[in-house]
């Protein structure tokens, strides 16, 4: 059951990415009609370069934006030993361990691959969770590392950036350029305008969908590592019950945290990078029946 869930989640992510890439290519070719293919290729290269910078420096940026401080075993033996035991269990390299001095209970993982991984927990999380719950949360974060989720999110980020740049350039060309050249009928003009307005919104929704799928996958991977899904389910319930905004908020890294760090409200639900906590807990309890 658990292995089939993990396999299904990976397939879902692949299908979303595959359709997204095809859609981006189609939109790009349509945009090339107005921008010219050389300019279109320039925008793609620019977006790819931006994504590469994010890929190689995302770990450092996340640490800086969160205000996390690197620790050793002596600084917090409980957190360090938990991560070390999970590293041994999963066969992954020992990641750098950080603590964020913030009363909001939360945790995140970052790094482009297991060799460059970083995991962090807030002081608030360490205060409210017992040892088994802490292990469940950190197993979830190590699951992100094991599943190369930072790499997946970087690919999606690059595609979203490309769509945004292309859309912006197309809209500028439609508004200020001469679009009455041969072949650019009023109908094609309207079609390109429609997709230029719609594409960034659709791209963002795809990004959110991928993020939610990866959260489910990390939950399942973490549960499989500890063989105790109930601990992670209990931790998620505590995180939801004690949720509060982080002192240093950044929407650009909201998807990294195990629990949505943004303030509650209608738009948080609509554009959430995380699936509903109730559904995550339900799935974990269902997995628990397999042990």
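Note: Cβ is positioned from N, Cα and C throughout, glycine not excepted.
Binding of Zn(2+) is attributed by Swiss-Prot to 140, 144, and within the candidate set 215, 240, 278 the record adds 215 to that site. For the ranges 113-133, 155-175, the feature annotated in Swiss-Prot as transmembrane segment maps to 155-175. Shown are the recorded positions 141, 215; the one with the most C-beta atoms within 10 angstroms of its own C-beta is 141. In this view, residue 140 (Zn(2+) binding site) is surrounded by 28 other Cβ atoms within 10 Å of its Cβ, with every protein chain counted. Sequence-distant contacts of residue 144 (Zn(2+) binding site), defined as residues of its own chain at least six apart whose C-beta falls under 8 angstroms from its C-beta, comprise 109, 150, 214, 218.
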